[in-house]
Amino acid sequence: MVSETKTTEAPGLRRELKARHLTMIAIGGSIGTGLFVASGATISQAGPGGALLSYMLIGLMVYFLMTSLGELAAYMPVSGSFATYGQNYVEEGFGFALGWNYWYNWAVTIAVDLVAAQLVMSWWFPDTPGWIWSALFLGVIFLLNYISVRGFGEAEYWFSLIKVTTVIVFIIVGVLMIIGIFKGAQPAGWSNWTIGEAPFAGGFAAMIGVAMIVGFSFQGTELIGIAAGESEDPAKNIPRAVRQVFWRILLFYVFAILIISLIIPYTDPSLLRNDVKDISVSPFTLVFQHAGLLSAAAVMNAVILTAVLSAGNSGMYASTRMLYTLACDGKAPRIFAKLSRGGVPRNALYATTVIAGLCFLTSMFGNQTVYLWLLNTSGMTGFIAWLGIAISHYRFRRGYVLQGHDINDLPYRSGFFPLGPIFAFILCLIITLGQNYEAFLKDTIDWGGVAATYIGIPLFLIIWFGYKLIKGTHFVRYSEMKFPQNDKK
């Protein structure tokens, strides 16, 4: 039998996120250290053409995923997002595993952001103990989420605005350098696409390897689905925000990568260094310095600190809301379903803060091996969440139509069904399974490295099938699916 799914809009959450908040979450959600720091490594490994093609391909995949999520979130705007859709339209245990894995992923990611924050601050204050900065930033992130959802929304709006402004200025400076208007700048142009093995250095294998990095860079775009549960007029604002995704991908990622590749040759050894500790070799910093802007390192340090805080702020919000929704559905202790007068799930916030703090402490005072395994177990979760979105949307639309509902009644309709979710699922699956494909091409396989890379997959399957075995659930048939908005009519 199919257990009764109790997932509805969680009572008590305040719909205080306005259209401008959602738009900035959609635009700035995935602009972070992946673009500001790690993008140089993609050009170095795959060449300018290979990196650009990888960003365009993964960007197309993410666009399809966001249109799928947009259709689901506009129709059923709940904070459980894809975990809710997974249990309603795929299988209850599937949604259970998606929810717990996503909460755990962000709790660990907050700890990673705390480590990154202290590394960034050490650039300015090398003699100050790093844990002081991490504790300070954890306190700031906690307070932004403690007061109200509007506090999170406002902080994320301004964080994202800083990141977006930086990318726009970067693109303008880059274009001026390329066309020769920026006086005193080092020469730039298409010559960097013809040196050595460019434009496709390393061939197809290098592009596959780069796709992994690019995929991680885009993670965070799905946050808009969770924010839908506290959005004003989600049927109107969610589609508007989702439509921004295509232009964000085109402008902020593709144009930025193109400009970097035209100004800095892929053979520049600085591009391979992608440690947030050394801002001076960020590809953005290198381009600004090529333009004669010698203070670029200090500016980019501040921007990257903003990106780290933004990631931590978003992670705290996402994990808190996911834990709250799990509790409302009876899939986590009920204590986490309690709300403050302002509509904030503070018990869930306390728990997430404690877990994130403990994970951080393992990196500081505990066994580094423990910390690395915690990090590795969460590494796959973003890709698993994307797979869950594609599967849930495909089955949602199929069930919706088979039950006789008119797709024109949907608040937002993905225009590429079924090709969009199918393409996104296949490509995301290839990226997920190909994370460490090089290990299997060597004479001796490093099984420890393989286990560290893929541990997130069996962990997800154990949670899923463990729940399925205990509860006796099965895949939801199309005829059994519930469509609450239509049922209300």
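Placed from the backbone N, Cα and C atoms, the Cβ positions cover glycine too.
As recorded in Swiss-Prot, the features of this protein are as follows:
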- Asp275: site 'Essential for the stimulus-dependent interaction with CadC' (SITE)
- Asp278: site 'Essential for the stimulus-dependent interaction with CadC' (SITE)
- 2-22: topological domain 'Cytoplasmic' (TOPO_DOM)
- 67-105: topological domain 'Cytoplasmic' (TOPO_DOM)
- 150-161: topological domain 'Cytoplasmic' (TOPO_DOM)
- 183-197: topological domain 'Periplasmic' (TOPO_DOM)
- 219-244: topological domain 'Cytoplasmic' (TOPO_DOM)
- 266-290: topological domain 'Periplasmic' (TOPO_DOM)
- 312-346: topological domain 'Cytoplasmic' (TOPO_DOM)
- 392-413: topological domain 'Cytoplasmic' (TOPO_DOM)
- 435-446: topological domain 'Periplasmic' (TOPO_DOM)
- 468-489: topological domain 'Cytoplasmic' (TOPO_DOM)
- 23-43: transmembrane segment (TRANSMEM)
- 46-66: transmembrane segment (TRANSMEM)
- 106-126: transmembrane segment (TRANSMEM)
- 129-149: transmembrane segment (TRANSMEM)
- 162-182: transmembrane segment (TRANSMEM)
- 198-218: transmembrane segment (TRANSMEM)
- 245-265: transmembrane segment (TRANSMEM)
- 291-311: transmembrane segment (TRANSMEM)
- 347-367: transmembrane segment (TRANSMEM)
- 371-391: transmembrane segment (TRANSMEM)
- 414-434: transmembrane segment (TRANSMEM)
- 447-467: transmembrane segment (TRANSMEM)
(Q) Given a Cβ distance threshold of under 8 angstroms, which distant residues of the chain, six or more beyond its ends, lie next to the transmembrane segment (23-43)? (A) 17, 51, 54-55, 62, 66, 116, 153, 156-157, 159-161, 163-164, 166-167, 210, 213-214, 216-221, 223-224, 227, 240-242, 244-245, 248, 252-253, 256-257, 260-261, 264, 266, 270-276, 279, 281-284, 286, 300, 303-304, 307-308, 310-311, 314
Q: Please work out which recorded stretch in 46-66, 162-182, 198-218, 245-265, 371-391 has the most C-beta pairs separated by under 8 angstroms from the transmembrane segment (106-126)?
A: 371-391
Q. So which residues does the transmembrane segment (414-434) touch in its own chain, when a touch means Cβ under 8 Å and the partner is 6 or more beyond its ends?
A. 57-58, 60-62, 64-65, 67-68, 70-71, 208, 211-212, 215, 380, 383-384, 386-387, 389-391, 393-394, 397, 457
Q) Going through 46-66, 129-149, 198-218, 347-367, 371-391 one by one, which has the most CB pairs that fall under 8 Å from the transmembrane segment (291-311)? A) 129-149
Q | Contact set, same chain, for the topological domain 'Cytoplasmic' (392-413): CB under 8 Å, 6 or more residues outside the stretch | A | 68-72, 74-75, 82, 85-86, 88-90, 234-236, 238-239, 242, 421-422, 425, 476, 478-479, 481, 483, 486
